[in-house]
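This report concerns only the one structure given below.
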Amino acid sequence: MDQSQEQAGLGARRLAWNAVTETLKRRVPLDDVLDELGQTENLSSRDEALARAIAIVAFRRLGTIGQALRDRLDKGARDERLLHLLAIGAAQILYLDVPDHAAVDTAVQLAQGDHRLKHAGGLINAVLRRVARERDAILSANDPWIDTPTWLEEGWVSHYGEPLARQIAEAHRTMASVDLTTKDNAAGWAERLGGILLPTGSIRLTERTAIRDLPGYDEGAWWVQDAAAALPARLLRPQAGERIADLCAAPGGKTAQLAAAGAEVLAVDRSAKRLERLEENLARLNLTVATLAIPAEKLDEEPFDAILLDAPCSATGTIRRHPDVAWTKDEQDMRKLAALQSRLLDKSASLLKPGGRLVYCTCSLEAEEGEQQAEAFLNRHPHMKRDPITPAEIGGMAEWLTPAGDLRTLPCHLTLPDHDRSGLDGFFAARFVRSVE
Ligand SMILES: C[S@@+](CC[C@H](N)C(=O)[O-])C[C@H]1O[C@@H](n2cnc3c(N)ncnc32)[C@H](O)[C@@H]1O
């Protein structure tokens, strides 16, 4: 390795290290932190990808890695920066195709460049070499609950029962696939892209390639959207010419579906910055919608034919994609979000025409943000009725429906012959209709 490659490798590890620390300290999404800190590192796209891969797997296996380090460190070693540096070293040794010596040497070099850790090189070298020697023993401890915070484990076991909850935790150890939603001709695009046409109409890519280089990207024929995330907008049954409000719209995956169906869409989001991204995304797709950057609670508009409320939530249904979610959110955050969801649901009911449809959804596995929210809403609004979803609307996947007729997908659902391509995001969706008074 020449000097410039050596330094580039070091930059990737420094970015991963800082991103783990900042994500946990600020409790913000890892993706945002990587984007922000990446600007100062000036890395090649290969090194940026390496930094991302290290940080993601460190979060995906944070419990296992933490235990492995605790077992090999003196009780006194509490310095968080040291622990995070060891964690990104162990993540590479245990889960990535990185030579052990590269993981150990870069961690030691990073410590030497840090005024507080410059004397910790010997300790880091010893601990990481032990992790490498004892890799098989560490990896053979295979209880998925170790990588799940207790509050999530308790909630899932109580709502889904232990066996299904365990399958969810196991699914969180795998990487999510990349799915696409097409404007039309999904079967034709699946063939052209060499992807799998899923029963719900999404396409699952079978190769990990740069999305922008795929056919159809420049012409705006499709967009990236998990197969489960593609269901709520379809369940709203958007019709050409209908006035539809998408109340928490950015970055616009579901807005694009509504617009592609020919509806006249008002895309609302409280974040002007995220709405800018929505506008860029829709411009690539040659789709037009109206946008409004305000909190949806403040929306003052004539009643709509239909409303999609993809409410802000704990996002625990996306842990395979964003494993940091498990370690940056807690029960209190979830309860605050559940209160906001209730307010947004109430606002949605007030903005519907008689006979109007509402689909409420969250990418959460928590019953408080899904099933319980739907029941409480029906109790508060006697003029709103549940419109049960049928298996035919979701590709025949009857097991994705609750007894009440709501959608409940789990990361362990959708078993495909190729195990690595199985799974989908955890989503809840319920459809309601306002009675004609
Ligand atoms: C789950 S994301 C929406 C994803 C989007 N529907 C899609 O499919 O691409 C939730 C969005 O709600 C927005 N948000 C949060 N609180 C809001 C509020 N009170 N009113 C409107 N938007 C809000 C956030 O800025 C975020 O963009």
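Cβ atoms are placed via backbone N, Cα and C, with glycine included.
The active site, nucleophile annotation in TrEMBL covers C363. The S-adenosyl-L-methionine binding site annotation in TrEMBL covers C248, A249, A250, P251, G252, G253, K254, D269, D310. Taken from TrEMBL, the feature domain 'SAM-dependent MTase RsmB/NOP-type' covers 140-435.
Sequence features annotated in TrEMBL and their locations in the structure.
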{"residue": "C248", "record": "S-adenosyl-L-methionine binding site", "DSSP class": "coil"}
{"residue": "K254", "record": "S-adenosyl-L-methionine binding site", "DSSP class": "helix"}
{"residue": "D310", "record": "S-adenosyl-L-methionine binding site", "DSSP class": "strand"}
{"residue": "C363", "record": "active site, nucleophile", "DSSP class": "coil"}
Distance from D310 (S-adenosyl-L-methionine binding site) back to the residue listed as 'active site, nucleophile', taken between C-alpha atoms, in Å: 8
Other CB atoms within 10 A, centred on D310 (S-adenosyl-L-methionine binding site): 24
Cβ packing number for A250 (S-adenosyl-L-methionine binding site), 10 Å threshold: 24
